[in-house]
């Protein structure tokens, strides 16, 4: 079946055809078989010929009436057609005629862009007059060309300064056409051939619009939607290095956040908006793909990043050559430089050959150069490199601004050029070296006062030409100077405003003097930042001020002036952009709000907890008892119950310093000199309104708190300045002081060690100090500036102490573990043997050993505690809380069953202690019983221990399991796994036996072991719906999602019983508390137990041998 490939480029080029008949189609047919189209295909745009007997027919040689001819006639011309098309597609493969060579360019362009329409019709035997050959290729009607652009090379791409229209003749120039990759095609059935051919116009085709791919690329780069506001400054960064240096991956990682191993030998030019300290900047990145740096690149950059590969000595050695070559065209001593070593290619097969010390040594040889090592694969230090480059560019501009301000404040003088110094200049200092070919340097007496528009547009201005050339080009007569120029002259302090400041570096001299004086390098020469815009970062201004650079008032007052007449060497788009609209794609309505929030977040810090109260307090030194001084500290109180202090605010701002810290959960606060902590705050006194607040009036005391020093009474009316207006004026507050008492030792010490730096008068009652004491008796004694400040700190710290203690109580109350109620605990006494002590038989038993499963008296409980919790875990029946797993163990064992196991070998001559026995006798018996295990029941012989262990778990036989565990099974035996990797703890969790799982956990069963499917015991407890087992395992230290599949995210979503994985392959299943299997487990009497324990060496357990 013939296939038609529709190469639709209209969607790609965004060009709509005039009619549907012009849609380009290509037909590929095979003369051998319609079922083998894959053997005869032509791949356009790839210069590749595949297939054997393939014919591609020219639509100009076909007619509608030839559709009915026999297909054999078409096959007869295959050989000739194939040869002719091969010659057209590959003109260099043979000696072609002149006419064929002329047509070859058209055919290649047509082939690469799929602008030729082909249809499946039979060839016509017509002959045209004047044709050179019967089979001469007649090109199809070409697509009408759009107005062709004259590409003028700039530093950042192309600019369409002039537009021309192409002719509609068939000999349209396609020299500027760049082949594009072949897009995806659509396969249509052969039935659509006739319909497509009827839509094809037989007359003269109308001209179609054709646009070169470079047009769309430039339109994307220079689009208004991708331009920022005119007030956004540009920062031009150059990236240089060899093709093996990894610079392409570095730039790609910074722009896209992804890694690409492919290197781009031709380089690239990119834009990105960066925000530094809340200010937006447009970063222009130029990846220089050439091995040799040219003049234009060296004069364009504001900073350079030299990139080398730490695995390549060649790329490392090329850095010095590149720096030396750049020094010919640019003074790099004042140019920000960054040396980057990429570690992307380090692997086992390719080791590192350039050490970090060698890289830093090379950076030290290059002045003003920082060194970084990056990894584009993981993104290490990539953002830091470009941020450092941006900061260095801004610092350089600050220095240029300071130099301009200093030059403007100095006395103006007319510059006198000195041409005799040109012999000693370097290349970058020669102004006549970097003039474009479109202009020439005129003698000083022949230069016009104002450069023409064409001169300004076509001249490439470089940094080296300003000191001597630009001053002549910008010296107009005073009568013809514009208002903007006069204002700029007044700002700069020069008669014509054209003398360059002495402090301007060559990297800044490319900009106009107006931009330098203003301190902002704007993307638009007609826009300058006003005085309200923070063009310079605050930290940079501080650094410049500290370095000794004066910031004059003239430099601070920025003047807005129009500089549209000045040339723009490298901005994008061209200089006519001042009349274009400004896109708001980067400036939304809430941009200012987002910027303010960003600044606030930066000021707050990243990753730092915000204190609820902070400030300066005096702290008494506690290092030496002889020399205790008051030192000023910066104290912070946090909401998580922490109190910290730092030496000063600077240390607090440093994120690496944590200061001294105290946990308030274990602390209390009190006022210095008082026995008890302060629970109520001092309340200001109120004066009786009947007395009018006079000196004879007696104030009413609302709240009074006795002090240790308040022992005696003072002479007079018993008050200390109670209603005196002078006292109120002195203290600036109404405050009632209790009756003054004789001074104590604490008051005397306080007066002797009064802090330095306060000018207010203090009496003995105004005690602004307080203490914070923790459980380790560590004292922090602070002193505030006033009583009000002291009370605020006491209230805040006391509130945090209360809150911390409340959280602990709430955590204990909101524990998710199920706790047994009192009736269930009381029911433990009804278990056989629990009515008396398991060791001495005392009927008054209020304590229990939960891991042994016995109830004991209070005296025996003390002895059990001395044994250690690894042997006996003692709990009170009435005092402690009982989780359900502890209660389940107690219900499963009991005193009688436990004594049958622990006193199994008790000899007739051994006497068990009674309640009246001495403590020493009880201690000796309990030690032999539980520590030495002298009477313990041994393990049954004849069967592997691990097999008995799994049999006991599957049978829910707690006592058999207890015997095995008490006889001292090793950790390896307890954690023995089956063929699918499950342990006995997995089995206990799958059957929902919380008592068995708890006993295994107490005997060092590893709950973190996963089976062969990566599932933990939590998975089996959750999948079978055993919530108690799940909570017990989480309490044992497992994470709630440990060893669980991702689709299981909530316990409440799981069914009550759901067996997954290898559970279906077992020969048993569970349903509630029942156990069913293919072979029932023998529940008969226990086997005969030998006199001694038998523990043979056991191999790994096979689960099938247990059941």
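Glycine residues also receive a Cβ, built from the backbone N, Cα and C atoms like all the rest.
Of the listed segments 365-395, 520-550, 551-581, 582-612, Swiss-Prot assigns region 'Disordered' to 551-581. Taking Swiss-Prot as the reference, the stretch among 813-836, 837-860, 861-884 described by the feature zinc finger is residues 837-860. Residue counts of the repeat 'ANK 2' (1013-1042) by helix, strand and coil are 16 helix, 0 strand, 14 coil (DSSP-based). For the domain 'Arf-GAP' (822-943), the DSSP counts in helix, strand and coil order read 50 helix, 10 strand, 62 coil.
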